[in-house]
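> So that we are looking at the same thing, I have put the structure below in structure tokens.
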Amino acid sequence: MKKQNNLRSLAAQAVEQVVEQGQSLSNVLPPLQQKVADKDKALLQELCFGVLRTLSQLEWLINKLMSRPMTGKQRTVHYLIMVGFYQLLYTRVPPHAALAETVEGAVSIKRPQLKGLINGVLRQFQRQQETLLNEFATSDARFLHPGWLVKRLQNAYPTQWQRIIDANNQRPPMWLRVNRTHHTRDGWLGLLEDAGMKGYPHPDYPDAVRLETPAPVHALPGFAEGWVTVQDASAQGCAVFLAPQNGEHILDLCAAPGGKTTHILEVAPEADVLAVDIDEQRLSRVYDNLKRLGMKATVKQGDGRYPAQWCGEQQFDRILLDAPCSATGVIRRHPDIKWLRRDRDIAELAQLQAEILDAVWPRLKPGGTLVYATCSVLPEENRDQIKTFLQRTPDAALSETGTPDQPGQQNLPGGEEGDGFFYAKLIKK
């Protein structure tokens, strides 16, 4: 492999772009994976996800072992050392290989003069590992979350916050959605077993299957033919609560990447679905999903606050609003969220959610259903949001999900092994 494609240096660059520049790992990682051999793509992903999952610990270790931080053009070396720590702590990479490859990464980022420094810090960590980890276990950094988020979780969930944090720090399971227009869930589970894999049905969501061991999608029976889709169990709750019917006009708002759009069409293949998202680039994923599953929907780019721009005066029988949110319920799946979000974002997101709710509610027919959903666990975006909406919207009534004082259903991450998710089902009087 060429030196500029050193795996450890690429991982360090990816993490730096997330933490220092606020870029999403889902945007940063794919181009870097193109620079390495196919056999190394999984390791590069593991290093990036792992470092971001344990960033608080790795930062704490650097502060203990280095007298001053790396800054300026040497900043990538800071993250390269983190990659070294992560390998020594959490991977099966032999320590000598982890050290050698990480030190060599300095050449790839044009800092060969710092090879000795990197080697020295990593070896010092090896010598002091037990003492350092014992001290870390009593530090504030042990939660592996930014302090502002820990405080919010403690306030919202006085008896459950530790469980939420622990779930966020785990690797996520792989959930699938069986396409009921092709197979029953039990029938597809039989095909999965024939392929040498095992899956488990979800007790509440009728299409959901959890793989015993995550697998590449090309190994799943009928994936290319649209028999099955990768989608977390909690996300599948949206279509369950929406309960779409054939012949209805249905709006899926904030629809990208299209997992919920296609689930609606699996449940009601003859529904007339309009899928709208503000992000034109992400809409390409909606088209891809519709094509793979052989489905049709109208897809438009648009801002949820201004429905007249993308649907005129049209009204809908059902609306799914998967609102823009903090994504604090899917941290185990996207650990970069912890470092991309800021405390001040929550109030701004809650304001945006309220504006979208108020804008689309008039587009719901009398007697129609709106399901408000987020992948957040924060009350400001969920129960508080719906409580204030009900107070200012006299023709809105809660259905099935919670009570007026505690509206909606809040799934916490790890519950039945799904992600953190919130749903509120509203009926127009």
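For all residues, glycine too, the Cβ spot is worked out from N, Cα and C.
According to Swiss-Prot, the record shows the following:
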- Cys254, Ala255, Ala256, Pro257, Gly258, Gly259, Lys260, Asp277, Asp303, Asp322: S-adenosyl-L-methionine binding site (BINDING)
- Cys375: active site, nucleophile (ACT_SITE)
- 397-419: region 'Disordered' (REGION)
- 400-412: compositional bias 'Polar residues' (COMPBIAS)
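Show me how these features fit into the structure around them.
Within 10 Å of the C-beta atom of Ala256 (S-adenosyl-L-methionine binding site) sit 25 other C-beta atoms, taking all shown protein chains into account.
Taken residue by residue with DSSP, Cys375 (active site, nucleophile) is part of neither helix nor strand, so it is coil. Sequence-distant contacts of Cys375 (active site, nucleophile), defined as residues of its own chain at least six apart whose C-beta falls under 8 angstroms from its C-beta, comprise Ser234, Ala235, Cys325, Ala327, Thr328, Gly329, Val330, Asp419, Gly420, Phe421, Phe422.
Under DSSP, the residues of the compositional bias 'Polar residues' (400-412) split into helix, strand and coil as follows: 0 helix, 5 strand, 8 coil.
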> Same chain only, please: residues at least 6 beyond the ends of the region 'Disordered' (397-419) with a C-beta under 8 Å from a C-beta of the stretch. Say none if there are none.
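Counting only partners 6 or more residues beyond its ends, the region 'Disordered' (397-419) has Cβ contacts under 8 Å with 157, 160, 163-164, 166-168, 170, 172-173, 175, 202-204, 210, 232-235, 237, 241, 329-333, 369, 372, 375, 377, 382-383, 386-387, 390, 425-429.
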> Give the sequence-ordered list of residues that share a chain with Lys260 (S-adenosyl-L-methionine binding site), lie 6 or more positions from it, and have CB atoms under 8 Å from its CB.
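Same-chain residues close to Lys260 (S-adenosyl-L-methionine binding site) (Cβ under 8 Å, separated by 6 or more) are Ala235, Cys238, Ala239, Asp252, Leu320, Asp322.
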